[in-house]
């Protein structure tokens, strides 16, 4: 498909026409291209803002890990990645859906816009409430391996804190996403480029702050045994109201019926990242793990969410569900095609890769500046950290290309089915690679026996 755009410019002097100029743009790729500079500018600023938010979240986590509730209820640390990952499973998915609706003109009518926004927000609240409870259960199950008995007071605290945190964070970020997408549409900015990273700029910080405050509140009132189950049941009881609102929009109701598996599986994947975090965060060999985990996980998740949203919009605009364009017929494309071709999605992948190293350097420098005693100053570690960041993003961007093609071929919406998996994998890859960086740095600088450390990590209680 060839797309042609004709731009006319008329020049007047007073009321008289003195001249005009025209510009004809033809694109053989089926979509009017953004220049590399435009894409870079629209993506770089939100990514930097999101990095500052994630860096602040890391500093917050480095502080709250020493609070009594986090020392006493160790499963709260396992809960951090899946709860923080909800912004990828829910808010980034919401942003991608709204961006696609805005770019395809579905939100140009005020009445239709209200129906799309209200039903999407309602679905996100139901998903957040249920997945928040499941995340707490998953954390308890992962921690049960080394636990001799179950403390039901701690179980109630963990479940209630998780549900309230997921609910409030999803509500705040959902409203923010709506405002960003509608505003971007009015100002002529592609919401695919800015919506997801701006959500992440506050997502990690809001989620961690709410979790720390809510869990500390219930920990201080742990003598009132009935308080936590009562509040948890109250939040769950509101779910029918959100389902009623979502029924206004039948396509959105399909998400509520069939969209659970990607979100729940992504939450489980993130929970394994949380298990790695809880095992390593208190060890001196992994000094700085708490501060850097939100940054490396967030950067990878943001970049892959942007790319997935852009590919999804491309397919929604110029293809039919179940039918892949000619240039995307192969399910497993050559990596060189994914990163080195002249196709519009390949160009955006290169732009996103270009941002990884400068972004991580800026965030690492700022973290060292603000709280240098919490991060290792080893140059070996910095090199390993940058390599890990690049490996994470390369893997995620290639998987995004593959998963979107497979999903679209099955006539499924990539906005709903790909982003949760990819952000969950981003959390697991980021946490694993970061732990490996600390481990290699410690060994290269003459640390103790590798086998002893591994044995200590495996046998230590979470």
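Even glycines carry a Cβ here, placed using N, Cα and C.
Listed ranges 98-117, 258-277, 278-297; the one TrEMBL annotates as transmembrane segment is 258-277. When TrEMBL is compared with the stretches 419-440, 441-462, the one noted as transmembrane segment is 419-440. Cross-referencing 75-97, 121-143 with TrEMBL places the feature transmembrane segment at 121-143. Through the fold, the transmembrane segment (419-440) approaches residues 81-82, 84-85, 87-89, 92-93, 96, 262-263, 265-270, 272-274, 276-277, 280, 285-289, 292-293, 296-297, 299-301, 304-305, 308-309, 376, 381, 384-385, 388-389, 391-392, 395-396, 399-400, 403, 450, 453 of its own chain, all at least 6 residues removed from its boundaries and within a Cβ separation under 8 Å.
Residues 77-82, 84-86, 88-90, 127, 130-131, 134-135, 138-139, 142-143, 289-290, 293, 297, 416-418, 420-421, 423-425, 427-428, 430-432, 435, 462 of the same chain lie 6+ residues outside the transmembrane segment (258-277) yet bring a C-beta within less than 8 angstroms of a C-beta in it.
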